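Student: Just dropping this structure here.
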Amino acid sequence: MLKSVARSSAAWRSQSRLARPFSQTLSAFNAKSDNTETAQFTHFGSKRVPKVEKEKLVRHVFSSVASKYDLMNDVMSLGIHRLWKDHFINKLDAGKRPNSTEPLHFIDVAGGSGDIAFGILDHAEQKFHDTESSMHIVDINPDMLKEGEKRAMEQQKYFNDPRVTFLVQNGETLDKIESNSKDVYTISFGIRNFTDIQAGLNAAYRVLKPGGIFYCLEFSKIQNYLVDSAYQQWAKILPVMGSIVANDYDSYQYLVESIEKFPDQETFKEMIQKAGFESAGYESLTFGICAIHWGVKV
Ligand SMILES: C[S@@+](CC[C@H](N)C(=O)[O-])C[C@H]1O[C@@H](n2cnc3c(N)ncnc32)[C@H](O)[C@@H]1O
């Protein structure tokens, strides 16, 4: 599974213990006051909002797009999200191997639509004849989870299936998920919506067993100037498209801005390492429009 994980070690600079002159102490104090204020605020797209409010605002966005979720993804990615998701699932290549006696325990966080969770279970069955591994599909938004359950019902697979559990949970805490209980944690186009991304990574680390894999698909930073310029133009008209196809300008405006705010590939990799993961790495897809990130809990 995930043969291409690159070995790398996390190195963190230790704090200087030298005494500081008064001017530095003062600026440190000011910085601290700013930080205290910053600590209570966060961004919601390009707006600055109290942290306690963001969760509610994000929930509202996804409640309003839930019933037109595929349409939203198709509009936002020109349909390419399907290829990215297929690649994400194939690269992970998860499933109980024929020579193993232990089924795997998956968790797909922010997994409302079920796209990734069902795709992983299908892959495990088709490639490894694995019909035993279990899946927790976790999302903060009950409307998105209902959408996933509806799909399971329509496809007559994974609905009322004892292997599959739908659970309303904040990915930043995952407080109903036992520590060291999961083999694979996936999250697709979800983590950029978290109020505290680092808390989400720490929770992922907590719930994974030693040897477990963190595996994430998310929008990222475009590395090609021409593609970036084209994307910037596209991003300007996306909310207008959102208002035409879904009568929802604001949600699409938020989605564009949340992509802009998300850390670049290297910064996100460092955050994954900071949570404790080793062998962290990433693969940029379609010039870096999005990226797959991974890390292993040793
Ligand atoms: C763009 S959708 C992605 C859904 C699915 N993973 C996919 O790739 O199609 C983002 C999802 O993240 C969920 N979400 C946002 N903040 C969350 C949080 N703090 N904890 C859990 N889920 C969250 C939303 O409710 C929404 O279902």
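For all residues, glycine too, the Cβ spot is worked out from N, Cα and C.
Predicted automatically and left uncurated, TrEMBL annotations should be read as such.
Heads up, here are the entries from TrEMBL:
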BINDING   Ser113, Asp139, Asn170, Gly171, Ser188  S-adenosyl-L-methionine binding site
Student: How would DSSP class Asn170 (S-adenosyl-L-methionine binding site) in three states?
Tutor: coil
Student: When DSSP is mapped onto helix/strand/coil, what comes out for Ser188 (S-adenosyl-L-methionine binding site)?
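Tutor: Assignment for Ser188 (S-adenosyl-L-methionine binding site) reads strand.
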Student: Can you tell which of Ser113, Asn170, Ser188 has the least company, meaning the fewest other C-beta atoms within 10 angstroms of its C-beta, among these binding-site residues?
Tutor: Asn170
Student: With Cβ-Cβ distance below 8 Å and at least 6 positions apart along the chain, what are the contacts of Asp139 (S-adenosyl-L-methionine binding site)? List them in sequence order.
Tutor: Val109, Ala110, Gly111, Gly112, Leu145, Gly148, Leu167, Val168, Gln169, Gly190
Student: Which chain-mates of Gly171 (S-adenosyl-L-methionine binding site) that are at least 6 residues away have a CB under 8 A from its CB, listed by sequence?
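Tutor: For Gly171 (S-adenosyl-L-methionine binding site), the qualifying residues are Val109, Ala110, Val138, Ile140, Ile187, Gly190, Ile191, Phe194, Gly200, Ala203.
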Student: Quick one: largest C-alpha distance among Ser113, Asp139, Asn170, Gly171, Ser188, binding S-adenosyl-L-methionine per the record, in angstrom?
Tutor: 16
